[in-house]
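Annotated features, as they stand in TrEMBL:
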- 18-289: domain 'Tr-type G' (DOMAIN)
- ASP100, THR101, PRO102, GLY103, HIS104: GTP binding site (BINDING)
Amino acid sequence: MTTSTAGSKPDLLSAEAGRRRTFAVISHPDAGKSTLTEALVLHAKAITEAGAIHGKAGRRSTVSDWMEMEKARGISITSTALQFPYTTQAGNSCVINLLDTPGHADFSEDTYRVLTAVDSAVMLIDAAKGLEPQTLKLFQVCRHRRIPIITVINKWDRPGRHALELMDEIAERIGLKPTPLTWPVGIAGDFKGVLDRRTGMFIRYTRTAGGATAAPEEHIAPDAAHEAAGIDWDTAVEESELLSADDADFDPETFRDCSSTPVLFTSAALNFGVNQLLDVLAELAPPPNGALDVDGNRRDATAPFSAFVFKVQAGMDSAHRDRIAYARVCSGTFERGDVLTHASTGKPFVTKYAQSVFGQQRSTLDTAWPGDVIGLANAAALRPGDTLYADVAVQYPPIPSFSPEHFAVARGTDPSKHKQFRKGIEQLDQEGVVQVLRSDRRGDQAPVLAAVGPMQFEVASHRMAAEFSAPIALEPLPYTVARLCDPEGAETLQKLASVEVFTRTDGALLAVFSTKWRLENVARENPTVSLRSLVAAGD
Ligand code: G4P
């Protein structure tokens, strides 16, 4: 039934997989993720002027901030997949797949889904602030999934903390051994350039106006560097020697097993250090390595085609009110028009509408390789976590839903829009914008929306009104904790005060409690009732 070409050109498949680098940037809001993303694309020469991808409030036009609400708030809520070719300064060509993640903690479930689709992550840290809460949470997700991390200390052009102090903080607070690849010449706020610790060269930066173009770099030999940077060079050399004495030199093995992290110093806004980051991604970040299936067996990248959906998103802009399922290719070659199998239903899946999505710009995607992201338009049957395959069956593990902490009853405010209301709620549920819970007691007209963060409710309300013409009113419910239970337990729990039991769309029974103390009480008084934890945000 399939027409996949996987297997027919094994050398090509292996070479194409080997040059993919699929990663995401994790950071606390304001560390400079959008600025860095623009700078990376600019340096790879995919765009000629910074500012065309992420338009924050007050910046240039927007490509990925697709929703009015995002524009108003100046935050990026949705994920975008960017792909661009890059040739390293040594002449090696690779393909970068940069998966964008929402910065706000309320969307950590969305970020988690994206992190299931990457092979490495860039942990972006503000030089003045060090490790911040959202960075720490996302780091824990990466550690849990064993995703190797490249650390970037950004905003070095501004006064900030001492570089050695930041290294200590990384080592002590998250237990990763920092192994700097570059070391700053000049303290934060007085940035002269970096010492490339692998070559010993001084890379001097020259300022460009507003960071609108790629910054020119000058490579100066060590013996001329003192003359160029004076005492700052000597200090950088001394500190670098201290690091070597402490065994803080790059080690590929510990990087890949997530116990050490190479470190770079940048100023994304001034385009400093961005070339180094691209080169490090190309040379050191791991290429796709297949994926583990539900039984823990690895399907190699060179096996027949397989992919899993990590995100479903609709209404990306007013010109395309459709729905895209983003699938990460794990193995094999994808050719548009291939007929795949949808593992959860066993049904054939036609891929005529495959697209690549670059910010808001879309183009038809004809071929994709392991590590790439395929945007499948109008894929109504696909949900996050679904597997698609060709030739040889495989099922990848489901992506766990997070434990909701906010609950609200949704009611349509316009009774004539009943149909649109149902359709909208179903769509938001399938995309994973919110979880939708139902119970006999509350009836189908008033589903309960459950979220990790309250901003998910804002997105749901906004989209119900703007996209489905079915405005809703949300009535908050006084619950803050959820646990999975079984049908026998549900019967007992339903009779208790400050506890309610709902059925989630995937069939799971969720018992919700007003507080964690109420939950502990109930668990103590009903020892035979099984109450299992869901994945918590930041686990
Ligand atoms: P985010 O996506 O992580 O939330 O951060 P974003 O890139 O929006 O950057 C947050 C602020 O930090 C922006 O300033 C941005 O210009 C600034 N910034 C990012 N990288 C650097 C850097 O390397 N050096 C310096 N000095 N600033 C940096 P803003 O005032 O909020 O916006 P804008 O008016 O400058 O665009």
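The backbone N, Cα and C atoms fix where each Cβ goes, and this holds for glycine too.
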> With every protein chain in view, how many other Cβ atoms are within 10 Å of the Cβ of ASP100 (GTP binding site)?
Replying inline: 22
> Relative to the Cβ position of THR101 (GTP binding site), how many further Cβ atoms are located within 10 Å?
Replying inline: 24
> CB neighbours of PRO102 (GTP binding site) within 10 A?
Replying inline: 20
